[in-house]
Amino acid sequence: MEQQDQSMKEGRLTLVLALATLIAAFGSSFQYGYNVAAVNSPALLMQQFYNETYYGRTGEFMEDFPLTLLWSVTVSMFPFGGFIGSLLVGPLVNKFGRKGALLFNNIFSIVPAILMGCSRVAKSFELIIISRLLVGICAGVSSNVVPMYLGELAPKNLRGALGVVPQLFITVGILVAQIFGLRNLLANVDGWPILLGLTGVPAALQLVLLPFFPESPRYLLIQKKDEAAAKKALQTLRGWDSVDREVAEIRQEDEAEKAAGFISVLKLFRMRSLRWQLLSIIVLMGGQQLSGVNAIYYYADQIYLSAGVPKEHVQFVTAGTGAVNVVMTFCAVFVVELLGRRLLLLLGFSICLVACCVLTAALALQDTVSWMPYISIVCVISYVIGHALGPSPIPALLITEIFLQSSRPSAFMVGGSVHWLSNFTVGLIFPFIQEGLGPYSFIVFAVICLLTTIYIFLIVPETKAKTFIEINQIFTKMNKVSEVYPEKEELKELPPVTLEQ
(Lines of atoms letter the chains of each structure in order from A and count residues from 1; the text may use other names and numbers.)
(Lines give C-alpha, C1' and ligand atoms only; values in the text may rest on other atoms or scores of the structure.)
Protein backbone atom coordinates (compact mmCIF):
# COMPACT_ATOMS: atom_id res chain seq x y z
CA MET A 1 0.00 0.00 0.00
CA GLU A 2 2.85 2.33 0.89
CA GLN A 3 4.64 1.48 -2.37
CA GLN A 4 1.48 2.18 -4.39
CA ASP A 5 1.09 5.54 -2.66
CA GLN A 6 4.72 6.34 -3.44
CA SER A 7 4.27 5.40 -7.11
CA MET A 8 1.19 7.61 -7.38
CA LYS A 9 3.09 10.57 -5.94
CA GLU A 10 6.05 10.01 -8.27
CA GLY A 11 3.79 9.77 -11.31
CA ARG A 12 1.54 12.77 -10.78
CA LEU A 13 1.50 15.91 -12.92
CA THR A 14 2.85 18.62 -10.64
CA LEU A 15 2.55 22.35 -11.29
CA VAL A 16 6.29 22.65 -11.99
CA LEU A 17 6.22 19.80 -14.52
CA ALA A 18 3.11 21.22 -16.20
CA LEU A 19 4.58 24.73 -16.46
CA ALA A 20 7.93 23.44 -17.75
CA THR A 21 6.04 21.49 -20.42
CA LEU A 22 3.90 24.46 -21.46
CA ILE A 23 6.79 26.94 -21.57
CA ALA A 24 9.04 24.60 -23.56
CA ALA A 25 6.27 23.70 -26.01
CA PHE A 26 4.89 27.23 -26.42
CA GLY A 27 8.31 28.86 -26.69
CA SER A 28 9.64 26.37 -29.24
CA SER A 29 7.12 23.97 -30.82
CA PHE A 30 4.51 26.71 -31.29
CA GLN A 31 6.99 28.65 -33.43
CA TYR A 32 7.52 25.66 -35.71
CA GLY A 33 3.81 25.45 -36.49
CA TYR A 34 3.42 29.21 -36.73
CA ASN A 35 6.21 29.56 -39.30
CA VAL A 36 4.87 26.65 -41.36
CA ALA A 37 1.65 28.56 -42.03
CA ALA A 38 2.63 32.23 -41.62
CA VAL A 39 3.66 32.77 -45.26
CA ASN A 40 0.66 31.00 -46.82
CA SER A 41 -2.00 33.71 -46.59
CA PRO A 42 0.18 36.74 -47.47
CA ALA A 43 2.03 34.88 -50.25
CA LEU A 44 0.70 37.07 -53.08
CA LEU A 45 1.30 40.26 -51.09
CA MET A 46 4.87 39.21 -50.34
CA GLN A 47 5.54 38.37 -53.99
CA GLN A 48 4.18 41.80 -54.90
CA PHE A 49 6.63 43.29 -52.37
CA TYR A 50 9.47 41.30 -53.99
CA ASN A 51 8.50 42.70 -57.38
CA GLU A 52 8.13 46.28 -56.18
CA THR A 53 11.49 46.09 -54.40
CA TYR A 54 13.14 44.78 -57.56
CA TYR A 55 11.50 47.57 -59.57
CA GLY A 56 12.80 50.16 -57.12
CA ARG A 57 16.33 48.88 -57.66
CA THR A 58 16.31 48.23 -61.41
CA GLY A 59 13.45 50.26 -62.85
CA GLU A 60 11.71 47.15 -64.21
CA PHE A 61 9.54 44.36 -62.84
CA MET A 62 10.63 40.74 -62.59
CA GLU A 63 9.34 38.24 -65.11
CA ASP A 64 7.16 35.39 -63.86
CA PHE A 65 9.87 32.71 -63.78
CA PRO A 66 12.46 34.54 -61.64
CA LEU A 67 9.69 35.74 -59.30
CA THR A 68 8.36 32.19 -58.90
CA LEU A 69 11.90 30.91 -58.37
CA LEU A 70 12.60 33.55 -55.73
CA TRP A 71 9.39 32.68 -53.90
CA SER A 72 10.18 28.95 -54.10
CA VAL A 73 13.57 29.66 -52.53
CA THR A 74 11.85 31.64 -49.76
CA VAL A 75 9.48 28.76 -48.97
CA SER A 76 12.12 26.01 -49.27
CA MET A 77 14.54 27.82 -46.94
CA PHE A 78 12.37 26.73 -44.00
CA PRO A 79 12.74 22.93 -44.44
CA PHE A 80 16.37 23.39 -45.49
CA GLY A 81 16.98 25.28 -42.25
CA GLY A 82 15.12 22.53 -40.40
CA PHE A 83 17.57 19.98 -41.80
CA ILE A 84 20.53 22.10 -40.65
CA GLY A 85 18.91 22.50 -37.22
CA SER A 86 18.53 18.72 -36.91
CA LEU A 87 22.26 18.31 -37.47
CA LEU A 88 22.94 20.79 -34.65
CA VAL A 89 20.86 18.89 -32.08
CA GLY A 90 23.58 16.52 -30.87
CA PRO A 91 26.29 19.15 -30.33
CA LEU A 92 23.85 21.58 -28.67
CA VAL A 93 22.23 19.16 -26.19
CA ASN A 94 25.56 17.62 -25.24
CA LYS A 95 27.25 20.99 -24.69
CA PHE A 96 24.42 23.06 -23.19
CA GLY A 97 21.99 20.39 -21.95
CA ARG A 98 18.36 20.02 -23.04
CA LYS A 99 17.11 23.22 -21.41
CA GLY A 100 20.26 25.12 -22.37
CA ALA A 101 19.86 24.09 -26.01
CA LEU A 102 16.29 25.45 -26.05
CA LEU A 103 17.45 28.75 -24.56
CA PHE A 104 20.30 29.05 -27.07
CA ASN A 105 17.92 28.19 -29.89
CA ASN A 106 15.88 31.33 -29.22
CA ILE A 107 18.60 33.27 -31.06
CA PHE A 108 17.34 31.62 -34.26
CA SER A 109 13.86 33.00 -33.60
CA ILE A 110 14.25 36.46 -32.10
CA VAL A 111 16.83 37.69 -34.64
CA PRO A 112 14.83 36.65 -37.74
CA ALA A 113 11.60 37.95 -36.17
CA ILE A 114 13.17 41.41 -36.00
CA LEU A 115 14.57 41.09 -39.53
CA MET A 116 11.23 39.99 -41.02
CA GLY A 117 9.35 42.68 -39.14
CA CYS A 118 11.67 45.33 -40.60
CA SER A 119 11.94 43.86 -44.12
CA ARG A 120 9.27 46.05 -45.71
CA VAL A 121 10.66 49.25 -44.18
CA ALA A 122 14.17 48.21 -45.23
CA LYS A 123 12.88 47.31 -48.72
CA SER A 124 14.82 44.04 -48.66
CA PHE A 125 13.34 40.68 -49.58
CA GLU A 126 16.77 39.18 -48.85
CA LEU A 127 16.06 39.71 -45.14
CA ILE A 128 12.97 37.50 -45.47
CA ILE A 129 14.88 34.72 -47.26
CA ILE A 130 17.69 34.74 -44.67
CA SER A 131 15.13 34.86 -41.86
CA ARG A 132 13.24 31.87 -43.25
CA LEU A 133 16.48 29.91 -43.10
CA LEU A 134 17.06 30.97 -39.48
CA VAL A 135 13.53 30.15 -38.29
CA GLY A 136 13.92 26.82 -40.08
CA ILE A 137 17.05 26.13 -38.03
CA CYS A 138 15.06 27.06 -34.92
CA ALA A 139 12.31 24.61 -35.89
CA GLY A 140 14.84 21.87 -36.67
CA VAL A 141 16.40 22.18 -33.23
CA SER A 142 13.14 22.58 -31.30
CA SER A 143 11.29 19.74 -33.06
CA ASN A 144 13.93 17.38 -31.67
CA VAL A 145 15.01 18.93 -28.38
CA VAL A 146 11.54 19.63 -26.93
CA PRO A 147 10.38 15.96 -27.12
CA MET A 148 13.76 14.89 -25.73
CA TYR A 149 13.56 17.37 -22.84
CA LEU A 150 9.96 16.57 -21.92
CA GLY A 151 10.52 12.82 -22.27
CA GLU A 152 13.38 13.02 -19.77
CA LEU A 153 11.43 15.22 -17.34
CA ALA A 154 8.29 13.08 -17.27
CA PRO A 155 7.60 10.02 -15.09
CA LYS A 156 6.97 6.92 -17.18
CA ASN A 157 3.17 7.04 -16.77
CA LEU A 158 3.03 10.61 -18.18
CA ARG A 159 5.79 10.31 -20.79
CA GLY A 160 3.35 9.63 -23.62
CA ALA A 161 0.95 12.45 -22.78
CA LEU A 162 3.71 15.03 -22.31
CA GLY A 163 5.47 13.69 -25.40
CA VAL A 164 2.43 14.58 -27.53
CA VAL A 165 2.24 18.15 -26.18
CA PRO A 166 4.93 19.49 -28.60
CA GLN A 167 2.85 18.31 -31.57
CA LEU A 168 -0.24 19.87 -29.99
CA PHE A 169 1.52 23.24 -29.86
CA ILE A 170 2.72 22.83 -33.45
CA THR A 171 -0.92 22.49 -34.52
CA VAL A 172 -1.91 25.44 -32.32
CA GLY A 173 0.84 27.48 -33.98
CA ILE A 174 -0.49 26.58 -37.42
CA LEU A 175 -4.04 27.54 -36.39
CA VAL A 176 -2.96 30.86 -34.87
CA ALA A 177 -1.02 31.73 -38.04
CA GLN A 178 -4.10 30.85 -40.12
CA ILE A 179 -6.31 33.08 -37.95
CA PHE A 180 -3.86 36.00 -37.90
CA GLY A 181 -3.45 35.43 -41.64
CA LEU A 182 -7.07 36.21 -42.41
CA ARG A 183 -7.29 39.07 -44.88
CA ASN A 184 -9.17 41.35 -42.50
CA LEU A 185 -6.52 40.85 -39.78
CA LEU A 186 -2.83 40.77 -40.79
CA ALA A 187 -2.81 39.35 -44.34
CA ASN A 188 -2.78 42.82 -45.88
CA VAL A 189 -0.21 45.26 -47.22
CA ASP A 190 0.58 46.82 -43.84
CA GLY A 191 0.06 43.74 -41.67
CA TRP A 192 2.13 40.94 -43.21
CA PRO A 193 5.50 42.10 -41.73
CA ILE A 194 3.84 42.06 -38.29
CA LEU A 195 2.44 38.58 -39.02
CA LEU A 196 5.95 37.30 -39.75
CA GLY A 197 7.57 39.16 -36.86
CA LEU A 198 5.22 37.80 -34.18
CA THR A 199 7.21 34.54 -34.15
CA GLY A 200 9.66 36.23 -31.78
CA VAL A 201 7.09 36.69 -28.99
CA PRO A 202 7.01 33.03 -27.78
CA ALA A 203 10.81 32.89 -27.97
CA ALA A 204 11.17 36.00 -25.81
CA LEU A 205 8.78 34.56 -23.21
CA GLN A 206 10.68 31.28 -23.13
CA LEU A 207 13.99 33.12 -22.77
CA VAL A 208 12.64 34.88 -19.67
CA LEU A 209 10.74 32.00 -18.02
CA LEU A 210 12.47 28.69 -18.83
CA PRO A 211 15.65 29.41 -16.78
CA PHE A 212 13.53 29.07 -13.62
CA PHE A 213 12.76 25.39 -14.39
CA PRO A 214 14.95 22.29 -13.94
CA GLU A 215 17.34 20.77 -16.44
CA SER A 216 16.79 17.13 -17.44
CA PRO A 217 17.67 14.92 -14.43
CA ARG A 218 18.99 12.24 -16.79
CA TYR A 219 21.34 14.71 -18.45
CA LEU A 220 22.57 15.92 -15.05
CA LEU A 221 23.25 12.44 -13.66
CA ILE A 222 24.38 10.45 -16.71
CA GLN A 223 26.25 13.09 -18.69
CA LYS A 224 27.25 15.69 -16.07
CA LYS A 225 27.77 13.06 -13.31
CA ASP A 226 26.06 15.40 -10.83
CA GLU A 227 23.78 13.18 -8.77
CA ALA A 228 22.98 15.91 -6.26
CA ALA A 229 21.73 18.25 -9.00
CA ALA A 230 19.77 15.43 -10.63
CA LYS A 231 18.12 14.54 -7.32
CA LYS A 232 17.24 18.19 -6.68
CA ALA A 233 15.73 18.50 -10.17
CA LEU A 234 13.62 15.38 -9.59
CA GLN A 235 12.44 16.66 -6.22
CA THR A 236 11.37 19.94 -7.83
CA LEU A 237 9.58 18.16 -10.68
CA ARG A 238 7.86 15.52 -8.53
CA GLY A 239 6.90 17.87 -5.70
CA TRP A 240 8.35 15.78 -2.88
CA ASP A 241 11.74 14.70 -1.49
CA SER A 242 11.69 10.90 -1.76
CA VAL A 243 12.93 10.29 -5.33
CA ASP A 244 15.45 7.54 -4.59
CA ARG A 245 13.61 5.02 -6.78
CA GLU A 246 13.90 7.21 -9.87
CA VAL A 247 17.51 8.12 -9.10
CA ALA A 248 18.29 4.41 -8.83
CA GLU A 249 16.60 3.71 -12.19
CA ILE A 250 18.61 6.49 -13.87
CA ARG A 251 21.78 5.19 -12.21
CA GLN A 252 21.02 1.72 -13.56
CA GLU A 253 20.68 3.18 -17.07
CA ASP A 254 24.02 4.94 -16.55
CA GLU A 255 25.68 1.67 -15.52
CA ALA A 256 24.22 -0.09 -18.56
CA GLU A 257 25.69 2.53 -20.88
CA LYS A 258 29.18 2.93 -19.47
CA ALA A 259 30.67 0.51 -22.00
CA ALA A 260 29.20 2.44 -24.91
CA GLY A 261 30.18 6.02 -24.09
CA PHE A 262 28.90 8.75 -26.39
CA ILE A 263 27.41 7.30 -29.57
CA SER A 264 27.88 9.43 -32.69
CA VAL A 265 25.66 9.23 -35.77
CA LEU A 266 28.24 7.14 -37.62
CA LYS A 267 28.58 4.77 -34.67
CA LEU A 268 24.79 4.61 -34.43
CA PHE A 269 24.60 3.25 -37.99
CA ARG A 270 27.33 0.69 -37.28
CA MET A 271 25.92 -0.71 -34.03
CA ARG A 272 24.10 -3.98 -34.48
CA SER A 273 22.42 -3.55 -31.10
CA LEU A 274 20.54 -0.50 -32.41
CA ARG A 275 19.61 -1.63 -35.91
CA TRP A 276 15.85 -2.10 -35.32
CA GLN A 277 15.56 1.09 -33.28
CA LEU A 278 17.33 3.05 -36.01
CA LEU A 279 15.34 1.50 -38.84
CA SER A 280 12.11 2.13 -36.92
CA ILE A 281 12.71 5.86 -36.52
CA ILE A 282 13.71 6.19 -40.19
CA VAL A 283 10.51 4.41 -41.28
CA LEU A 284 8.28 6.35 -38.87
CA MET A 285 9.77 9.78 -39.58
CA GLY A 286 9.81 9.12 -43.32
CA GLY A 287 6.27 7.73 -43.22
CA GLN A 288 5.08 10.74 -41.23
CA GLN A 289 6.05 13.18 -44.00
CA LEU A 290 5.86 10.97 -47.12
CA SER A 291 2.31 9.86 -46.24
CA GLY A 292 1.03 13.04 -47.90
CA VAL A 293 0.13 15.35 -45.02
CA ASN A 294 1.59 18.42 -46.74
CA ALA A 295 0.03 17.41 -50.06
CA ILE A 296 -3.40 17.17 -48.41
CA TYR A 297 -3.10 20.74 -47.16
CA TYR A 298 -1.73 21.84 -50.54
CA TYR A 299 -4.75 20.31 -52.31
CA ALA A 300 -7.37 21.29 -49.69
CA ASP A 301 -8.20 24.75 -51.05
CA GLN A 302 -8.81 23.32 -54.52
CA ILE A 303 -11.07 20.63 -53.05
CA TYR A 304 -13.08 23.20 -51.09
CA LEU A 305 -13.52 25.37 -54.21
CA SER A 306 -14.69 22.39 -56.28
CA ALA A 307 -17.27 21.60 -53.57
CA GLY A 308 -18.77 25.04 -54.03
CA VAL A 309 -17.19 26.94 -51.15
CA PRO A 310 -16.97 30.62 -52.24
CA LYS A 311 -13.39 31.73 -52.86
CA GLU A 312 -13.61 34.45 -50.22
CA HIS A 313 -14.70 31.86 -47.61
CA VAL A 314 -12.01 29.23 -48.31
CA GLN A 315 -9.66 30.89 -45.81
CA PHE A 316 -12.23 30.30 -43.03
CA VAL A 317 -12.74 26.65 -44.01
CA THR A 318 -8.96 26.18 -44.03
CA ALA A 319 -8.77 27.62 -40.52
CA GLY A 320 -11.57 25.22 -39.56
CA THR A 321 -9.45 22.32 -40.80
CA GLY A 322 -6.62 23.62 -38.63
CA ALA A 323 -8.99 23.67 -35.66
CA VAL A 324 -9.88 20.01 -36.27
CA ASN A 325 -6.15 19.23 -36.25
CA VAL A 326 -5.75 20.95 -32.88
CA VAL A 327 -8.76 19.19 -31.33
CA MET A 328 -7.65 15.72 -32.45
CA THR A 329 -4.06 16.26 -31.30
CA PHE A 330 -5.47 17.43 -27.96
CA CYS A 331 -7.41 14.14 -27.80
CA ALA A 332 -4.18 12.24 -28.52
CA VAL A 333 -2.62 13.79 -25.39
CA PHE A 334 -5.24 12.02 -23.27
CA VAL A 335 -5.56 8.70 -25.10
CA VAL A 336 -1.88 7.93 -25.74
CA GLU A 337 -1.44 6.49 -22.23
CA LEU A 338 -4.77 4.67 -22.45
CA LEU A 339 -4.47 3.10 -25.92
CA GLY A 340 -0.69 3.08 -26.27
CA ARG A 341 1.68 4.32 -28.97
CA ARG A 342 1.50 1.29 -31.24
CA LEU A 343 -2.31 1.26 -31.54
CA LEU A 344 -2.46 5.00 -32.26
CA LEU A 345 0.15 4.61 -35.00
CA LEU A 346 -1.71 1.69 -36.58
CA LEU A 347 -5.06 3.46 -36.30
CA GLY A 348 -3.72 6.78 -37.61
CA PHE A 349 -1.89 5.40 -40.64
CA SER A 350 -4.85 3.13 -41.46
CA ILE A 351 -7.25 6.10 -41.47
CA CYS A 352 -4.82 8.02 -43.71
CA LEU A 353 -4.59 5.00 -46.04
CA VAL A 354 -8.36 4.73 -46.44
CA ALA A 355 -8.73 8.51 -46.81
CA CYS A 356 -6.12 8.61 -49.61
CA CYS A 357 -7.80 5.73 -51.48
CA VAL A 358 -11.31 7.20 -51.24
CA LEU A 359 -10.00 10.69 -52.08
CA THR A 360 -8.41 9.30 -55.24
CA ALA A 361 -11.75 7.84 -56.35
CA ALA A 362 -13.62 11.03 -55.43
CA LEU A 363 -11.22 13.25 -57.39
CA ALA A 364 -11.39 10.94 -60.41
CA LEU A 365 -15.21 10.98 -60.41
CA GLN A 366 -15.93 14.56 -59.33
CA ASP A 367 -16.62 15.74 -62.91
CA THR A 368 -19.21 13.01 -63.50
CA VAL A 369 -20.80 12.58 -60.05
CA SER A 370 -22.14 15.84 -58.60
CA TRP A 371 -21.79 14.93 -54.92
CA MET A 372 -18.21 13.61 -55.11
CA PRO A 373 -16.61 16.93 -54.06
CA TYR A 374 -18.36 16.57 -50.70
CA ILE A 375 -16.80 13.11 -50.30
CA SER A 376 -13.44 14.78 -51.01
CA ILE A 377 -14.01 17.19 -48.12
CA VAL A 378 -14.85 14.28 -45.81
CA CYS A 379 -11.62 12.57 -46.92
CA VAL A 380 -9.53 15.66 -46.17
CA ILE A 381 -11.03 15.99 -42.68
CA SER A 382 -10.67 12.23 -42.06
CA TYR A 383 -7.04 12.32 -43.14
CA VAL A 384 -6.32 15.25 -40.81
CA ILE A 385 -7.97 13.36 -37.93
CA GLY A 386 -5.99 10.18 -38.63
CA HIS A 387 -2.66 11.96 -38.93
CA ALA A 388 -3.26 13.97 -35.76
CA LEU A 389 -3.95 10.82 -33.73
CA GLY A 390 -0.77 8.91 -34.53
CA PRO A 391 1.60 9.75 -37.42
CA SER A 392 2.09 13.38 -36.35
CA PRO A 393 2.71 13.14 -32.57
CA ILE A 394 4.01 9.62 -31.89
CA PRO A 395 7.29 9.22 -33.88
CA ALA A 396 9.23 11.90 -31.95
CA LEU A 397 7.92 10.45 -28.67
CA LEU A 398 9.19 7.01 -29.67
CA ILE A 399 12.70 8.32 -30.39
CA THR A 400 12.88 9.43 -26.76
CA GLU A 401 11.62 6.07 -25.54
CA ILE A 402 13.51 3.51 -27.64
CA PHE A 403 17.00 5.02 -27.25
CA LEU A 404 19.02 5.43 -24.07
CA GLN A 405 20.88 8.57 -23.02
CA SER A 406 24.14 7.96 -24.90
CA SER A 407 22.46 7.40 -28.28
CA ARG A 408 19.38 9.63 -27.93
CA PRO A 409 20.91 12.89 -29.30
CA SER A 410 22.30 11.12 -32.38
CA ALA A 411 18.99 9.30 -32.87
CA PHE A 412 17.15 12.63 -32.86
CA MET A 413 19.67 13.96 -35.39
CA VAL A 414 18.90 11.05 -37.72
CA GLY A 415 15.14 11.20 -37.15
CA GLY A 416 15.06 14.97 -37.56
CA SER A 417 17.11 14.83 -40.75
CA VAL A 418 14.76 12.23 -42.25
CA HIS A 419 11.78 14.35 -41.19
CA TRP A 420 13.03 17.54 -42.84
CA LEU A 421 14.44 15.90 -45.97
CA SER A 422 11.13 14.08 -46.49
CA ASN A 423 9.24 17.33 -45.91
CA PHE A 424 11.43 19.10 -48.47
CA THR A 425 11.09 16.22 -50.96
CA VAL A 426 7.28 16.22 -50.87
CA GLY A 427 7.17 19.99 -51.36
CA LEU A 428 9.57 19.68 -54.29
CA ILE A 429 8.09 16.74 -56.19
CA PHE A 430 4.36 16.83 -55.40
CA PRO A 431 3.55 19.45 -58.07
CA PHE A 432 5.19 17.16 -60.64
CA ILE A 433 3.35 14.10 -59.29
CA GLN A 434 0.11 16.05 -59.46
CA GLU A 435 0.84 17.14 -63.03
CA GLY A 436 1.71 13.61 -64.12
CA LEU A 437 -0.89 11.56 -62.24
CA GLY A 438 -3.68 14.11 -61.76
CA PRO A 439 -6.43 12.74 -59.49
CA TYR A 440 -4.39 9.56 -58.91
CA SER A 441 -1.60 11.44 -57.10
CA PHE A 442 -2.73 10.23 -53.69
CA ILE A 443 -2.26 6.56 -54.62
CA VAL A 444 1.47 7.16 -54.05
CA PHE A 445 0.76 8.30 -50.50
CA ALA A 446 -1.70 5.43 -49.94
CA VAL A 447 1.08 2.95 -50.77
CA ILE A 448 3.44 4.65 -48.31
CA CYS A 449 0.75 4.57 -45.59
CA LEU A 450 0.20 0.86 -46.26
CA LEU A 451 3.91 -0.03 -46.11
CA THR A 452 4.38 2.00 -42.92
CA THR A 453 1.36 0.33 -41.30
CA ILE A 454 2.72 -3.13 -42.14
CA TYR A 455 6.12 -2.25 -40.66
CA ILE A 456 4.54 -0.95 -37.43
CA PHE A 457 2.37 -4.07 -37.11
CA LEU A 458 5.33 -6.43 -37.59
CA ILE A 459 8.15 -4.60 -35.81
CA VAL A 460 7.28 -1.69 -33.50
CA PRO A 461 6.61 -2.82 -29.90
CA GLU A 462 4.35 -1.12 -27.37
CA THR A 463 6.32 1.18 -25.04
CA LYS A 464 3.48 2.42 -22.81
CA ALA A 465 4.25 2.48 -19.06
CA LYS A 466 7.72 0.94 -19.50
CA THR A 467 11.03 2.33 -18.27
CA PHE A 468 13.76 3.12 -20.78
CA ILE A 469 15.66 0.05 -19.59
CA GLU A 470 12.65 -2.24 -20.09
CA ILE A 471 12.05 -0.89 -23.61
CA ASN A 472 15.67 -1.45 -24.56
CA GLN A 473 15.55 -5.00 -23.23
CA ILE A 474 12.76 -5.65 -25.77
CA PHE A 475 14.96 -4.38 -28.60
CA THR A 476 17.98 -6.27 -27.28
CA LYS A 477 16.06 -9.51 -27.89
CA MET A 478 14.92 -8.31 -31.33
CA ASN A 479 18.48 -7.37 -32.31
CA LYS A 480 19.87 -10.69 -31.02
CA VAL A 481 23.04 -9.11 -29.68
CA SER A 482 23.37 -10.67 -26.24
CA GLU A 483 26.35 -12.73 -27.34
CA VAL A 484 27.81 -10.52 -30.06
CA TYR A 485 30.57 -8.28 -28.66
CA PRO A 486 28.50 -7.49 -25.59
CA GLU A 487 31.18 -5.19 -24.22
CA LYS A 488 30.67 -2.90 -27.21
CA GLU A 489 26.90 -2.85 -27.24
CA GLU A 490 24.79 -0.01 -25.88
CA LEU A 491 22.89 -2.30 -23.56
CA LYS A 492 23.77 -5.78 -22.34
CA GLU A 493 21.21 -8.30 -21.21
CA LEU A 494 20.13 -7.00 -17.84
CA PRO A 495 18.10 -8.63 -15.11
CA PRO A 496 14.49 -7.45 -14.96
CA VAL A 497 14.11 -4.00 -13.48
CA THR A 498 12.73 -4.29 -9.97
CA LEU A 499 12.83 -0.65 -9.00
CA GLU A 500 9.38 0.17 -10.36
CA GLN A 501 6.35 -1.37 -8.73
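We count from 1, first residue shown onward.
Note that Cβ sites are derived from N, Cα and C of the backbone, with glycine treated the same way.
The structure displayed is predicted, hence computed values, not measured ones.
The membrane topology recorded in Swiss-Prot places ALA233 on the side opposite to TRP371. The highest tally of CB pairs under 8 A with the transmembrane segment (413-433), across 69-91, 127-149, 193-213, 314-334, is held by 69-91. Within the model, the topological domain 'Cytoplasmic' (1-18) carries an average pLDDT of 68. If you count C-beta pairs under 8 angstroms between the transmembrane segment (162-182) and each of 19-39, 314-334, 440-460, the highest count goes to 19-39.
Each residue of the topological domain 'Cytoplasmic' (150-161) gets a DSSP state, and the totals for helix, strand and coil are 7 helix, 0 strand, 5 coil. Taking Cβ pairs closer than 8 Å, the transmembrane segment (314-334) reaches residues 37, 41, 161, 164-165, 167-168, 171-172, 174-175, 178-179, 181-183, 297, 300-301, 304-305, 344, 380-381, 384-385, 388-390, 392-393 in its own chain, all 6 or more past its ends. When Cβ-Cβ distances under 8 Å to the transmembrane segment (99-119) are tallied for each of 19-39, 69-91, 193-213, 278-298, 440-460, the top count falls to 193-213. Between the transmembrane segment (69-91) and the stretches 19-39, 278-298, 440-460, the greatest number of Cβ pairs separated by less than 8 Å involves 19-39.
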